[in-house]
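Working notes for the structure below.
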């Protein structure tokens, strides 16, 4: 045993033989995480967390630092890839009932919240127009907290408006939170491996397991190759595809952009926020849009784990996916008809999924098992 090749030690990890490509996104997320830490480290070496120098330091990285443009673009595109993978990973969990493994699901949802915070802080760092105004709008939501809201906001800003102390602390937070992500990921993976992966059938895999290596290791490598190739292709041909044109202008507190909007991966939550015409209500809905995922293990009523054998729930699930895409699209549009009503309808449908989950489960049990 002591002389065994490291990969061969994965022979000790038995995995269900029928897990599909949807189970590959965990390893892809791990790779994204490693890539973000590496590129982020090289960017942090040259970045200056000062409101007068931050924007120039990004320009300096892109133009003057050897291969700085690769680091900067990979870090930006890597963030989008991270979110694409995590949303697919969550959708897989919802579809195949992976959330019934409570500890794994709750640690994963916590990971998502930390990741979203990290990405938000990172978006502020270039100190472009959209960075500044997105930070202003989102941090301002804290004032909606009863009694302590104003004090909380002033404390977060480090002053009475977004200024140099805010940028400095956001850089510090953006630097330290990835370590929290790495720690939580380790916990997430350890909790997963106490019970093992679920599978598309939602059955117990114990009767039919194969070694992780070479079968699943090669399967993972294929998807990783596709992901990295996609990233480098985007970086080479259209590196600014995910960027907002406003963010190429330095932050100016005196000029408000026409449409303040966050990066695409926050648009669904932003769409829900702005579909409620009340500050506190919108803030609560914004937090709930992610936190509501935590209710899934406790509202599962069906006798069947996977949606593969639940046609009514499949309809509800694909409605959720369509809703998610529609909110994302509607949130890029100005606040005027018909976009306001589209945003409100899709927000209602988004939350309806989590209410329908126990009801449809109960209905399916009635149809399938009590006829």
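Just so it is clear, glycine is given a Cβ too, placed from its N, Cα and C backbone atoms.
Database features (Swiss-Prot):
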- 25-45: transmembrane segment (TRANSMEM)
- 69-90: transmembrane segment (TRANSMEM)
- 75, 174: heme b b562 binding site (BINDING)
- 89, 188: heme b b566 binding site (BINDING)
- 105-125: transmembrane segment (TRANSMEM)
- 170-190: transmembrane segment (TRANSMEM)
- 193: ubiquinone binding site (BINDING)
- 218-238: transmembrane segment (TRANSMEM)
- 280-300: transmembrane segment (TRANSMEM)
- 312-332: transmembrane segment (TRANSMEM)
- 339-358: transmembrane segment (TRANSMEM)
Cβ contacts the transmembrane segment (312-332)/the transmembrane segment (280-300), at least three under 8 Å, sequence gap 6 or more | no
Tell me, please, if the transmembrane segment (218-238) and the transmembrane segment (69-90) are in contact, taking contact as 3+ Cβ pairs under 8 Å between residues separated by 6 or more positions?
-> yes
Given the binding-site residues 75, 89, 193, the candidate whose Cβ has the fewest other Cβ atoms within 10 Å is 193
Are there 3 or more C-beta pairs under 8 Å linking the transmembrane segment (105-125) with the transmembrane segment (280-300), counting only pairs at least 6 apart in sequence?
-> yes
Check: min Cα-Cα distance from residue 75 (heme b b562 binding site) over binding-site residues 89, 188, 193 goes to 89
What count of other C-beta atoms do you get within 10 angstroms of the C-beta of residue 174 (heme b b562 binding site), across all chains shown?
-> 22
Specify the secondary structure state of residue 188 (heme b b566 binding site) as given by DSSP, simplified to three classes.
-> helix
Distance [Cα-Cα, Å, rounded] between residue 174 (heme b b562 binding site) and residue 193 (ubiquinone binding site) = 29
Give the sequence-ordered list of residues that share a chain with residue 188 (heme b b566 binding site), lie 6 or more positions from it, and have CB atoms under 8 Å from its CB.
-> 104, 107, 108, 111
